[in-house]
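Quick notes on the structure that follows.
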Amino acid sequence: MSSVLMSKTVTPFLREHIPSIYAPIGKPGNQETARAENPNSKYCYRHHPDSKCRRAADKAKMVMIQSELDKLTSADQQAVTHVWSLFSAAPARHRDLMLQGILSQLCFPQLSFVSREVNEALKIDFISALPVELAQKVLCYLDTVSLTKAAQVSQRWRTLADSDAVWVRMCEQHVNRKCTKCGWGLPLLERKKLRNYTRQRQLAKGGPQGRVTELADSHDSQDRSVNQHGKRPAAEAEEEDPIKKRQCMAAAEASKAVTQPKTRSWKAVYRDRWQVSYNWKNSRYKLSVLKGHENGVTCLQLDDNILATGSYDTTIKIWNIETEECIRTLVGHTAGIRALQFDDSKLISGSLDHTIKVWNWHTGECLSTFAAHTDSVISVHFDGHLLASGSSDKTVKIFDFNSKETYCLKGHSDWVNSTHVDIKSRTVFSASDDTTIKLWDLDTRQVIRTYEGHVGHVQQVLILPPEYEPDEEVLNGASQDNQDAMSVSSGGSGSPSMSHAQIERAGSPGSHSSSHNLLPSSLPSGDEDVRHLYGSAFVADESRPLPPRYFMTGGLDSTMRLWDSATGRCLRTLFGHLEGVWSLAGDTIRVISGANDGMVKTWEPRSGKCDATYTGHCGPVTCVGLSDSLMASGSEDGTIRLHSFKPCRQ
């Protein structure tokens, strides 16, 4: 192309369009008119100088292009450069026209080359380009593996992927619950750390006599020498020596600096819990065997760093889990210990000597003894100011520590092996050798419902947390089975509906429930329907909390059963143990069971799947305990096996 021809064709084109490219300010007048007359007077979103999608030129590619261009003759270099200049200066409509013409002339190898180049050019960093709030919203949909990979892309991605706004959502979805999407559930550790901190503060304050009278929330209590405003009385402050006063202030500041909790990111919170959950899922644990009892271990309770065990040797031992040492032995019963429970200040035990004792487990002192039963005490459970005990005399005794009242609940025809008080709803669950479980109303002292289904002695009743919800397929399957049963019993009418009067009778005190006489699961959808199922006492007082909805039981028929306390339905039966189930423990994430076959099993409570089986005991496993990162089991072989799922660094 001659210079004359070039000046006649290329120069006018560039003269017309280049100013709008390098000075895209827009023409005066109406904005829409200016945009229509000057379509390239505004930057596109990709080439706008402020756009985060705009990438710097690829240095390697530019060097390669320059190298290839240098290989051409001067005329060819000028021609190629003019093509680039024309395309660069062309408006959007002209560019589209140029590209269509060029693409229509390309052969397949050239089309493949264009496809590869376009594929790379279309990739933009949309996370960095989006506003922070939208980018975090997008990242909230990723799982943990994808999030950790996203944090490795760039510093910008790492800042967004590690932000608290993303990981707090992840914690809400997994901590203290089972995620319905991925199946992972993470333990709630902070509550236990708070208790440990409270206990350490109590130990540092003074002797054990003062600790007995403190409540579980004693970390909120104030020093007696400090008034409501956090100040000492003026007279007392004036009497203090100035030097001593400065020393006290310095010590207080140092103590405050040490004890003040550090702020942690939500990602770190999630990581700590994920490590514990990973160890549970893969059965990675540290095993400790505690020996000290001279006979079989019958009961235990695990709480943070303290383990309490009872035995047929008539003693109760208090263990320090970290040091694996017995720090105290409680002696006073004259026969084997069958049940115990403790909190921060007291321990209550039930024995074969027909008595219940209240201990100060910090000192080993027996504070009081109750001789309310006429036979062996098999179970004890307290909640607040109420204590329930079950005995081989076939009765349940209720002790009210506030009113000093004691009364008896009669209805079982055999030993009462397990009791559980729910102080909010003022109800008690009891399990018996007569193969039934009963729900009692403490206001009327009558049976609300009797649950039938086990064919062997029922040894344990485990109340599931309020957050627990069974799988929908469990509810749907149970509902379908129940509807079929009702259709048959109604002469094939096919109508599963029940009248209001039937609901009243089904929820009345003393009613029986079994797998063949159940209420449809579609009924208790609202609070009013559920209240009718628990009887007239709950209907009359709408402010009264309802009893726990779901619970599990273990029996000597080698099965565990999941129950709906409102309908009386057995929702699921868990099989796996070869011999009778003696003990259960659980939380929102897992349930563990100990049986006469010497095995401990962990279960997923929603699906009913057995996650793992632990062996090692040389006798029946009579008791189990569970915390977020620990599992304890006691056996008639006289040992306690402690499984710690804490990360090694802890």
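Quick reminder: no glycine exception, Cβ is built from N, Cα and C everywhere.
Features reported for this protein in Swiss-Prot:
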DOMAIN    124-170  domain 'F-box'
COMPBIAS  214-223  compositional bias 'Basic and acidic residues'
REPEAT    292-320  repeat 'WD 1'
REPEAT    332-360  repeat 'WD 2'
REPEAT    372-400  repeat 'WD 3'
REPEAT    411-441  repeat 'WD 4'
REPEAT    453-488  repeat 'WD 5'
COMPBIAS  487-499  compositional bias 'Low complexity'
COMPBIAS  507-525  compositional bias 'Low complexity'
REPEAT    528-564  repeat 'WD 6'
REPEAT    576-604  repeat 'WD 7'
REPEAT    616-644  repeat 'WD 8'
Response to the item:
Contact set of the repeat 'WD 4' (411-441) with the rest of its chain, CB cutoff 8 A exclusive, min separation 6+ beyond the ends, reads 378-392, 394-396, 398, 447-452, 454-461, 463, 509, 535, 537, 544-548, 551, 553, 555, 563, 565
Fill in: Interface present between the repeat 'WD 8' (616-644) and the repeat 'WD 1' (292-320) (three or more C-beta pairs under 8 A)
yes
Worksheet item: With DSSP helix as H/G/I and strand as E/B, how many residues of the repeat 'WD 3' (372-400) fall in helix, strand and coil?
Response: 0 helix, 19 strand, 10 coil
Response to the item:
Mean per-residue pLDDT in the repeat 'WD 5' (453-488) works out to 72
